[in-house]
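Asks: Per TrEMBL, the features are:
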- 61, 63, 209, 297: Zn(2+) binding site (BINDING)
- 90, 182, 212, 297: substrate binding site (BINDING)
- 52-398: domain 'Amidohydrolase-related' (DOMAIN)
Ligand SMILES: CSC[C@H]1O[C@@H](n2cnc3c(O)ncnc32)[C@H](O)[C@@H]1O
Ligand SMILES: [Zn+2]
């Protein structure tokens with residue numbers, strides 16, 4: 001007896017381009033069958049008539065707790081935004097803020113079809129607790145800023161290591177742990193080398209912001225006489241264990257280094273556009289074989305966690321940047337949001353395939369803006385939005401069914417998040 005059978009839906013496995021009617025069978029958190037029909041029975045049958053059954057999205061760069069700062073400081077460039085608005089408030093965040101901010105982020109992601117994400121944040125034990133309680137899958141890193149201060153660096157590294165020791169593989173394996181040095185302009189080269197050594201020792205990955213702005217590029221050239229990619233490569237930092245967010249100000253040589261080292265890139269088009277950071281050379285990276293995934297970044301620079309919106313923005317941005325409408329076709333963007341993201345996090349998700357994690361979503365196509373259907377990839381990227389997701393399953397557990405969130409008390413999360421945000425802004429009046 002299986003746990004769940006999803007039947008009558010149109011299945012988009014992401015293993016092929018085809019959309020075929022069939023069933024998905026789930027047992028013990030794993031997909032055990034994807035077929036036209038099945039002989040099996042299950043404890044729970046989900047009727048997906050008129051819907052598309054597909055892998056959940058993988059958001060490869062966010063800061064979940066920043067949901068509490070959604071709309072708090074808009075329309076500033078990155079340097080000013082971080083120094084004058086975001087960091088002073090983040091300094092006043094409490095454990096409860098981080099917990100409820102992350103819960104709110106999980107709620108938003110579950111409701112819009114994201115099943116796993118990579119997060120970099122502070123109060124990281126509370127973030128992990130919220131992920132565990134929500135039922136989502138996540139690769140979590142503690143944000144370390146050392147700024148050349150050896151003592152601070154030691155305590156930051158200790159905090160991240162303790163987190164890794166306490167949480168690696170927790171929540172039935174749904175929690176993956178990583179090191180999170182914030183960026184090459186907030187961490188010294190000595191510190192970055194130490195992080196790499198510890199990551200190798202602990203056999204975990206590293207999540208870092210890289211070359212997001214021209215200001216970072218200039219700062220690095222001034223300080224080190226080379227860009228962030230060259231510095232990181234000189235340190236032996238770059239490898240398939242590294243998840244590099246943004247990567248906007250790359251040269252052709254930098255792209256070659258990323259490809260050669262097997263670095264995974266998280267492209268964050270909405271955040272890059274909102275902070276006017278620039279346009280990442282995504283078509284160039286994809287052409288050269290770099291694994292480019294998609295991330296929303298935090299809610300203070302996006303201002304939501306909707307991967308549908310991220311996909312559409314990525315496609316449109318690179319078409320207009322290159323003046324070529326054939327660049328980043330819908331299918332390729334969909335792969336970035338699913339299979340490439342799963343590869344970046346090293347998880348067996350992102351496709352509907354036997355033996356893979358049962359991280360599955362159902363997208364309701366019975367909507368005016370999704371009618372008629374010629375090409376499902378087109379609809380998912382250009383016409384659909386997060387609110388079209390009716391059902392979200394992570395690790396074989398139903399978190400939302402028929403638009404009803406069953407893994408947490410939605411109203412309680414909204415109420416607590418509003419209270420926390422009010423207290424946070426009050427405390428931030430200094
Ligand atoms: C509190 S942990 C996360 C850390 O990163 C900062 N942050 C958020 N978005 C960005 C971005 O686009 N570039 C650089 N840093 C960013 C955030 O404020 C936190 O300090
Ligand atoms: Zn970020």
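Just so you know, glycine gets a Cβ as well, placed from its N, Cα and C.
Automatic, uncurated: that is what TrEMBL annotation is.
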Asks: Mind giving me a neighbour count for residue 209 (Zn(2+) binding site)? Other Cβ atoms within 10 Å of its Cβ, every protein chain shown.
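Replies: A 10 Å sphere around the Cβ of residue 209 (Zn(2+) binding site) contains 26 other Cβ atoms.
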Asks: For residue 90 (substrate binding site), just give me the three-state DSSP call.
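Replies: The three-state answer is helix.
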Asks: In the predicted model, what is the mean pLDDT computed over the domain 'Amidohydrolase-related' (52-398)?
Replies: 98
Asks: Consider only the binding-site residues 90, 182, 212: which of them have a Cβ under 6 Å from an atom of ligand 2? Write none if no residue does.
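Replies: Qualifying residues: none.
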Asks: Of all the Cα pairs drawn from 90, 182, 212, 297, the residues the record ties to substrate, which distance is largest, in Å?
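Replies: Greatest Cα-Cα span of the listed binding residues: 20 Å.
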Asks: Including all protein chains shown, what's the count of other C-beta atoms within 10 A of the C-beta of residue 61 (Zn(2+) binding site)?
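Replies: So the Cβ neighbour count for residue 61 (Zn(2+) binding site) comes to 27.
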Asks: What same-chain residues, at least 6 away in sequence, bring their CB to under 8 Å of the CB of residue 297 (Zn(2+) binding site)?
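Replies: Sequence-distant Cβ neighbours: 61, 62, 63, 245, 268, 270, 271.
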Asks: For residue 209 (Zn(2+) binding site), name the DSSP secondary structure in the helix/strand/coil scheme.
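Replies: Looking at the DSSP assignment, residue 209 (Zn(2+) binding site) belongs to a strand.
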Asks: Give me the count of other Cβ atoms within 10 A of the Cβ belonging to residue 90 (substrate binding site).
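Replies: Cβ-Cβ neighbours of residue 90 (substrate binding site) within 10 Å number 23.
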